[in-house]
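J.: Okay, handing you the structure first.
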């Protein structure tokens, strides 16, 4: 039986041409968008084969919002005014350099002086390492964005930054609680200090802190990666903060919110409670010392740590209260700078200015380095 074909110039022929033209246009747009999306991820070869093994007319067309939402986010930063970009770049570059150099000097001074190979300084060197990693996770990307006048961060880059930030922030918290326990044992149980805080136990405490931080970060990131991000892609922060990214999701984040609250209670409130308990016992023991000189000597061993704890938790509490009291993302971002950038920068100054052993070790290290040159 002969096939019926639409006559040339008929309405049916015109409609057929329009439909074919639209299908070809959608096929071309889909191929172009997929290729541009995958070229940046290094797997364009596989998608190229996929597109030509399975013709695009059998693939449903996806809107451009859904494709670009999974490729990048926009970090709004601290300011959008062009005249403030250069001063902010200079400020954060100097803060980053001071943080890295200061904490690195603390680590080198402790490592080069055998008199400082004690539990307290072992934990301090680990804290300095974590502080360097924390600011390196956040500040370099911010500096690049300020220098290039861009706000873009890739999808993979955003979740990588979020992953490492959760790890190092949790490590800071756990190490401060371990250091408080160390001071508690040293002041309240001095006769058993060497037995309790032996190198094996100290190494195990640090290993447990790293393990807990890793196990805390992985499920949270995996849960956030299951969320859908449709249209809004502007992160109201200078880095990819977990809470701010979750606000951009068009999925139900109820389970994620519950997990965040539970983790905050377990890994935030409990260590802080342990620190408060340790210092309550320390204060009670110091008050029992009869001489004022003995009280000053006992308190001086934990004064630096108490200052760092007050700065860390004080700024963290300030961020929480500011986010609850105001809806201004700029104010919240400025408050976040205090605990994520300023606190790691001030830690070396607090320990070096208030600790005679650290100052003496730093002086010896600098003299030795200058003499070798």
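Just so it is clear, glycine is given a Cβ too, placed from its N, Cα and C backbone atoms.
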J.: Looking at the candidate ranges 88-110, 226-248, report the one that TrEMBL labels transmembrane segment.
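T.: Based on what TrEMBL states, transmembrane segment spans 88-110.
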J.: Quick one: sort out which of 2-23, 332-353 is the transmembrane segment according to TrEMBL.
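T.: Of the candidate stretches, TrEMBL labels 332-353 as transmembrane segment.
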J.: Under TrEMBL, which of the candidate ranges 144-162, 163-181 is annotated transmembrane segment?
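T.: Based on what TrEMBL states, transmembrane segment spans 163-181.
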J.: If you count every Cβ pair below 8 Å, which range out of 122-143, 163-181, 258-277, 298-320 shares the most with the transmembrane segment (88-110)?
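T.: Maximum Cβ contact count belongs to 122-143.
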J.: For the transmembrane segment (122-143), could you work out the same-chain residues 6 or more beyond its ends whose Cβ comes under 8 Å from its Cβ atoms?
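T.: 75, 77, 89, 92-93, 95-96, 99-100, 103-104, 106-107, 110-111, 153, 157, 161, 164-165, 168-169, 171-172, 175-176, 178-179, 182, 202, 205-206, 238-239, 340-341, 343-345, 347-348, 351.
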J.: Are there residues at least six beyond either end of the transmembrane segment (163-181) with Cβ under 8 Å to its Cβ atoms? List them, or say none.
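T.: Distant Cβ neighbours of the transmembrane segment (163-181) are 120, 123-124, 126-127, 130-131, 133-134, 137-138, 205-206, 209-210, 212-214, 216-218, 220-221, 239-242, 267-268, 271-272, 274-275, 278-279, 305, 308-309, 312, 340.
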